[in-house]
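Undergrad: Below you will find the structure I want to go over with you.
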Amino acid sequence: MYAAISWAWDLGLYASVCVLACGLWWVIGRCQDRVRARGAIPVTRESSETREIPETCESHRIGVPAVSMWRLPRALPLAWILYLAGLAIFTLLPLPADPAAACAAIIHRDNYAPFGSLLAVANQLHAGETLRAALYALSILLNIVLFVPLGFLAEATWRIRRELISVPPPSGRFVRVVPVRRVLVWVAIGCALSCLIELTQYTGLFGVVSCTYRVVDIDDVITNTLGTYLGVRLLPGLVRRSRFVRG
């Protein structure tokens, strides 16, 4: 019950952050459109009545931001903000309202054995606890999904900064598009970030809470690292098919 309430709290907070961030991004886009409209280079043309009528070399709809505001590469800062905010919310929050009472009531189920989570799911299935096993398996899957955007955004940021964002050939293999050395760098960063999150949870947000208020699990590091790898490998296909990457 407490876990369900915590998830609902996290989702509500993240939805609020998304609405606020996207609203501010829309306002920024509107302001930029107005600046472009004012700074458009005027040109002249002669009408049939030989009058010179000034025009601008480009037209803008001031009331509606450019569609490209919501696409990469222009929307890259927004994507990073939304992702990092979600990562912090879903891994560190909510904090216990009464830390002393929460610490006294916590039953620690920390896992330091690699792939112990998979063994726990298998044991639950063997014991007939199907629902509990399904929820546990879902949490493992979500840990993978949580870090997929990290790999995607890291590689996309690299390509955009190096002006390499392009549509890969349909038959191109991922290993040819993303060099193995760079894949290893992003995977190492994902692993390090996951370890930092687990350390933060273990230390109670570095002393803010007087105990380990979240479950520390070595399998979280493994699944998070796998998610980062998948994000890097999936980037070429997403670039080729997504309408939110170019424009």
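A Cβ is built for glycine as well, from the same backbone N, Cα and C atoms used for every other residue.
These figures come from a predicted structure and were not determined experimentally.
Pasting the relevant annotations from TrEMBL:
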type     : residues : note
DOMAIN   : 80-235   : domain 'VanZ-like'
TRANSMEM : 6-28     : transmembrane segment
TRANSMEM : 75-93    : transmembrane segment
TRANSMEM : 133-154  : transmembrane segment
TRANSMEM : 183-209  : transmembrane segment
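Each of the listed features needs to be described in terms of its position in the shown structure.
TA: Looking only at the domain 'VanZ-like' (80-235), the predicted model's pLDDT averages out at 88.
Only residues 6 or more beyond the boundaries of the transmembrane segment (6-28), in the same chain, are considered here, and those with a CB under 8 A from a CB of the stretch are 65, 69, 75, 78, 81-82, 85-86, 89-90, 93-94.
Panel annotation: around the transmembrane segment (133-154), residues 76, 79-80, 83, 87, 90-91, 117-118, 120-121, 124-125, 186-187, 189-190, 193-194, 219-220, 223-235, 238 of the same chain, lying at least six beyond its termini, place a Cβ under 8 Å from a Cβ of the stretch.
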Undergrad: Who are the chain neighbours of the transmembrane segment (183-209) in space, where the CB to CB distance is under 8 Å and they lie at least 6 residues beyond its ends?
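TA: For the transmembrane segment (183-209), the sequence-distant neighbours (Cβ-Cβ under 8 Å, at least 6 residues beyond its ends) are 87, 91-92, 95-96, 99, 102-103, 147, 150-151, 154-155, 215-218, 220-221, 224-225, 227-229, 231-233.
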